[in-house]
Ligand code: PHE
Ligand code: NA
């Protein structure tokens, strides 16, 4: 990105689409629902909502503003801004840990993207038609137990990602999300409607919004914060890189609000679509990463027009996953391109192959390597946990602290277009609430 002349987004709309393209993905539908189910429901959801607002919003704005100031890739931006404000170049390590996180996340993200592709095909050929919950569960278990199939779909997903990046059609993809994202929302609404008709919608509502605070512990809080970072694509320098393309005329706070509301709405809708199916069929909410794959096909398999709706849903989910995956590959490619003698194409291939190899290790952890454990977690869980609960919060913390101590207050106030009073509030959030929140959650989560 940084080697191109720094063209700017033609409009605020273009920027919102790009940022939403990165944010909206498997995190909203696959990860949000399974984490909610696994963490006991409402307490997790409410902490997650608090994290998105109190931590996510300020960090998103901070990343964009740093990027807009620096006009370079995250590593060089941090280094330059730090030195020009009389601080150490060591701040650039934040950029490096962000790139590492993006690399690790893409490896397992691609495996799940592969599941989504596989379910797209399954919908086309009617695999789920008329099946009961046992049969749908068995279909999923068969996929997990079949390393060759997982490998094939993971590879297919990575090939799509590389193909899109190499052909430079990511802009076209963003334009397409203008239509496809609303379509995804419509399908989710249909599923929510189906859930309402199932007679178990009330249970789902209670599960998601009526907290049993007893269930809340440090682990749940840390999981909720990790989800907030993951879903908003924070703590990886990705939003920072996007910020470097952002025109001076774009209002950062209102744009962040738009992106966050969209991302959050999609996650909540996904939950309201999935949990009624869980309760109506006596399934377990704590099923884990397979949750959407053992619930949604059940609904599609048994509703009128379900074949076509299921096909559309998994296609749109795959599309959303692709736009997010592309944004994850970009920082890795860019870093290689700028730090080695590799060309753009060479960097893309090397990054993708490295990601693919790690993804293979992740997919093997569902079968032949299921007892290979790191800190008690299989490879997949380890990659997911280490990135969302450790790397992202720490990198995001670094970005917000950097923002507060390295950028001039009055300048920031003008740039955010806030009057003195609102700025005081903002400052409270950015300087104290967000960083202390991350630190407290992080420490209690680890203990
Ligand atoms: N935010 C994306 C999602 O919710 C995942 C992602 C994480 C994308 C980090 C880019 C960077 O699916
Ligand atoms: Na998201």
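Here the Cβ of each residue, glycine as well, is placed from N, Cα and C on the backbone.
What TrEMBL records for 12-30 (among others) is transmembrane segment.
Taken from TrEMBL, the feature transmembrane segment covers 42-62 (among others). Within the chain carrying the transmembrane segment (42-62), a Cβ under 8 angstroms from the stretch's Cβ atoms is held by residues 32, 35-36, 206-213, 215-216, 220-221, 223-225, 227-229, 231-232, 234-235, 239, 252-253, 256-257, 259-260, 263-264, 268, 271, 396, 399-400, 402-403, 416, 426, 429-430, 433-434, 437-438, 441, all 6 or more beyond its ends.
The annotation transmembrane segment is assigned in TrEMBL to 90-112 (among others).
Cβ atoms under 8 Å from those of the transmembrane segment (150-169) belong to residues 110-111, 113-118, 143-144, 318, 321-322, 325-326, 329-330, 333, 345, 348-349, 352, 355-356, 359-360, 363, 366-367 of the same chain, restricted to positions at least 6 beyond its ends. The transmembrane segment annotation in TrEMBL covers 150-169 (among others).
Under 8 Å from some Cβ of the transmembrane segment (181-201) lie the Cβ atoms of residues 20, 24, 29, 262, 265-266, 269-270, 272-277, 279-280, 296, 299, 303, 309, 312-313, 316-317, 320, all in the same chain and six or more residues away from its ends. The transmembrane segment feature in TrEMBL is assigned to 181-201 (among others).
Here TrEMBL flags 221-247 (among others) as transmembrane segment. Long-range Cβ contacts of the transmembrane segment (221-247) within its own chain (Cβ-Cβ under 8 Å, at least 6 residues beyond either end) map to 1-2, 6-9, 15, 18-19, 22-23, 27-28, 31-32, 35, 39, 44-45, 47-48, 51-52, 55-56, 59-60, 63-68, 70-75, 77, 94-95, 98-99, 101-102, 105, 259-260, 263, 267, 324, 327-328, 330-331, 334, 385, 387-389, 391-396, 399, 437-438, 441-442, 444-446.
Sequence annotations record features per position, and here TrEMBL assigns transmembrane segment to 259-283 (among others). Below 8 angstroms of C-beta separation, residues 16, 19-20, 23-24, 27-29, 32-33, 36-37, 45, 49, 52-53, 56-57, 60, 133, 181, 184-185, 188-189, 191-192, 194-196, 198-201, 203-205, 207-208, 231-232, 291-292, 294-296, 298-299 of the same chain, each at least six residues beyond the ends of the transmembrane segment (259-283), sit close to that stretch.
The transmembrane segment feature in TrEMBL is assigned to 303-329 (among others).
The transmembrane segment feature in TrEMBL is assigned to 349-370 (among others). Only residues 6 or more beyond the boundaries of the transmembrane segment (349-370), in the same chain, are considered here, and those with a CB under 8 A from a CB of the stretch are 103-104, 106-108, 110-111, 114, 144-147, 150-151, 154-155, 158, 161-162, 329, 332-333, 336, 342, 378-381, 383.
The transmembrane segment feature in TrEMBL is assigned to 390-407 (among others).
Annotation comment: TrEMBL describes 428-446 (among others) as transmembrane segment.
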Contacting positions for the transmembrane segment (390-407) when only residues 6+ beyond its ends and CB under 8 Å are counted: 55, 58-59, 62-63, 65-66, 69, 78, 81-82, 85, 87, 91, 93-94, 97-98, 100-101, 104, 225-226, 229-230, 234-237, 240, 430-431, 434-435, 438-439, 441-442
For the transmembrane segment (12-30), distant same-chain residues with Cβ under 8 A (at least six beyond the ends): 109, 112-113, 116, 173-175, 177-178, 181, 184, 188, 227, 230-233, 238-239, 242, 245-247, 249-251, 255, 258-259, 262-263, 266-267, 270, 289, 291-292, 317, 320-321, 323-327
